[in-house]
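Q: For reference, the structure I am asking about is given below.
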Amino acid sequence: MTATPAHDRTSRLAALVAELAVVHGRVTLSSGREADYYVDMRRATLHHEAAPLIGHLLLDRLEEEGFGPAEIDAVGGLTMGADPVAAAMLHAANSRGLDLDAFVVRKAAKSHGMGRQVEGPDVAGKRVVALDDTSTTGGSVLTAVEALRAAGAEVVAAAVVVDRDTGAREAIAQAGLPYFWVLDAADLGLA
């Protein structure tokens, strides 16, 4: 990835998300709320240009807020939205020579095999950031936080690529976690 100022990279990501992922029309969100638009982030988080931007910009955002490589061991969240975000961050960190693991949180523990709810490197005793691609109420992030704590992780923050500015900030703050995002509805021309 070529070195460009963070503002330019953020603007480029906003343009890509607006172009690739914003779908206008009545939809029911995972929170159960209805909205006039949907941000289908898999269209961006799995895109060849957007994914690296997401990984680097989230790493930068966390580092700006005091959660640099020395303060976190792993990132991940509830499958499926968080999976490509965590992978993008893992690869971005590796490209910088940094050690950062990723994990996946299932909605429920498997009933077979190892019976785990959190997959990937063991998170017990690790400092982790709970992720999602986008958040409306914070419900998916908080579900992941609960599972991570049950697995013995120390959840130090939550972060998303797009915050819709519809209650997630307040819900996650109420849960006692710092919360960070790269883009919000205004950045996408939706506010």
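Heads up, residue numbers simply count up from 1 along the chain you see.
Including glycine, each Cβ sits where the backbone N, Cα and C put it.
TrEMBL entries are annotated by machine, without manual review.
According to TrEMBL, the feature 5-phospho-alpha-D-ribose 1-diphosphate binding site maps to R106, K107, K110, H112, D132, D133, T134, S135, T136, T137, G138, G139, S140. The annotation orotate binding site is assigned in TrEMBL to T136, R164. Summarising the annotation, TrEMBL assigns domain 'Phosphoribosyltransferase' to 49-170.
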Q: State the mean pLDDT for the domain 'Phosphoribosyltransferase' (49-170).
A: 95
Q: Using DSSP, tally how many residues of the domain 'Phosphoribosyltransferase' (49-170) sit in helix, strand and coil.
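A: Within the domain 'Phosphoribosyltransferase' (49-170) the tally stands at 44 helix, 31 strand, 47 coil.
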Q: Among the binding-site residues listed here, T136, S140, which has the most company in the form of other Cβ atoms within 10 Å of its Cβ?
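A: For the binding-site residues T136, S140, the Cβ with the most other Cβ atoms within 10 Å is S140.
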Q: How many other Cβ atoms sit within 10 Å of the Cβ of T134 (5-phospho-alpha-D-ribose 1-diphosphate binding site)?
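A: A count of 26.
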Q: Would you measure the largest Cα separation among R106, K107, K110, H112, D132, D133, T134, S135, T136, T137, G138, G139, S140 for the 5-phospho-alpha-D-ribose 1-diphosphate site and round it to whole Å?
A: 32
Q: Tell me, if you would, which residue among R106, K110, R164 (binding-site residues) has the fewest other CB atoms within 10 Å in the structure shown?
A: K110
Q: Can you give me the Cα-Cα distance between T136 (5-phospho-alpha-D-ribose 1-diphosphate binding site) and R164 (orotate binding site) in Å, rounded to a whole number?
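A: Per the Cα atoms, T136 (5-phospho-alpha-D-ribose 1-diphosphate binding site) and R164 (orotate binding site) stand 5 Å apart.
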Q: What number of additional C-beta atoms lies within 10 angstroms of the C-beta atom of D132 (5-phospho-alpha-D-ribose 1-diphosphate binding site)?
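A: Summing over all protein chains shown, D132 (5-phospho-alpha-D-ribose 1-diphosphate binding site) has 30 other Cβ atoms within 10 Å.
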Q: Sorted by position, what residues of the same chain at least six away from G138 (5-phospho-alpha-D-ribose 1-diphosphate binding site) have a C-beta under 8 A from it?
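A: The list for G138 (5-phospho-alpha-D-ribose 1-diphosphate binding site) reads A158, G167, A168, R169, E170, A171, I172, A175, Y179, given in order along the sequence.
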